[in-house]
Amino acid sequence: MSSQKQLEGMIFDVQSFSVHDGPGCRTTVFLNGCPLSCKWCANPESWTVRPHMMFSELSCQYENGCTVCHGKCKNGALSFNLDNKPVIDWNICKDCESFECVNSCYYNAFKLCAKPYTVDELVQVIKRDSNNWRSNGGVTFSGGEPLLQHEFLHEVLLKCHEVNIHTAIETSACVSNEVFNKIFKDIDFAFIDIKHMDREKHKEQTGVYNDLILENISNLANSDWNGRLVLRVPVISGFNDSAENISDIISFMHKNNLIEINLLPFHRLGESKWIQLGKEYEYSDKGDIDEEHLEELQDIFLDNGIACYVGHETAF
């Protein structure tokens, strides 16, 4: 038996029986790490690859007199107010590597946002779930940005294809051309996000410019890759739903012979996670996008010869 240590990946969730993340019934693997910091992000716990802590006040039993976490933090990040409620110094907490508070809590009020898996451990989970897929399912790698852990992901993809498991990815495409091209050789289906076509507006709300993203999409569309690509746009009122931006997306798609897009209406489902991470959520007052407006946007794409799906209405 080889003594060589296997690659490990950091994963914050594995969801079985997913039906909106690619063809058929799928297992979706959420990998840690993301080069973007979208202000509306539904999974802000995924931004860093290294483990870090979240605190759920709803799960905490401080009102019932629980004190099991008292004195556990050796770094001075955890104190308590007069009501016994935990008060966290997130500037100290972000550098923690021992997580005594997590290990002490019976109620999962303190929890880690990442769990290590070896390549074989993750593939075993995927193979186990394959019994539920029938003939048209597979595995989808999401995040975060799964391409940030490209070495680990590459090994998992190779093992999946060894046993004919269909592979899909949900990605921002915000990685080097080299990494992007290497991984996509083993991808059968892809969702790639376009947040905004204007590079300055893109950076304002995501923290990065979109040049590399658009370059990777264009290169993929004009390559000999034979997988299926669906672009995705998280539609946010007042940010990327203008006639100008929609027109720019259509022009980009026509230029690159791209024929499918998925419009995802904005939601605030990740707001509680921001609070649990001690972060300010700037979109708390942002309203849901009007369904009639979404249908109007859909009609614009359809009128321009582009298959357009709203929400989870994808043509699987």
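Note that Cβ sites are derived from N, Cα and C of the backbone, with glycine treated the same way.
S-adenosyl-L-methionine is bound by W40, C41, A42, D193, I194, K195, H267 in Swiss-Prot, and the record lists one more residue there from G138, G144, G305, which is G144. Binding of [4Fe-4S] cluster 2 is annotated in Swiss-Prot for C60, C66, C69; the matching candidate from C25, C105, C113, C160 at the same site is C105. The most crowded of the binding-site residues listed here (K195, H267) is K195, judged by how many other CB atoms sit within 10 Å of its own CB. Long-range contacts of the domain '4Fe-4S ferredoxin-type' (84-115) within its own chain (CB-CB distance under 8 A, at least 6 residues past either end) are made by residues 10-12, 32, 45-46, 49-57, 59-63, 65-69, 72-78, 277-278.
Taking the centre of the Cβ atoms of C34, C38, C41 as the [4Fe-4S] cluster 1 site, the nearby residues of that chain (Cβ within 8 Å, site residues left out) are L36, S37, W40, N43, P44, S46, W47, G144, T206. Here the domain '4Fe-4S ferredoxin-type' (84-115) has, by DSSP, the following mix of helix, strand and coil residues: 9 helix, 7 strand, 16 coil.
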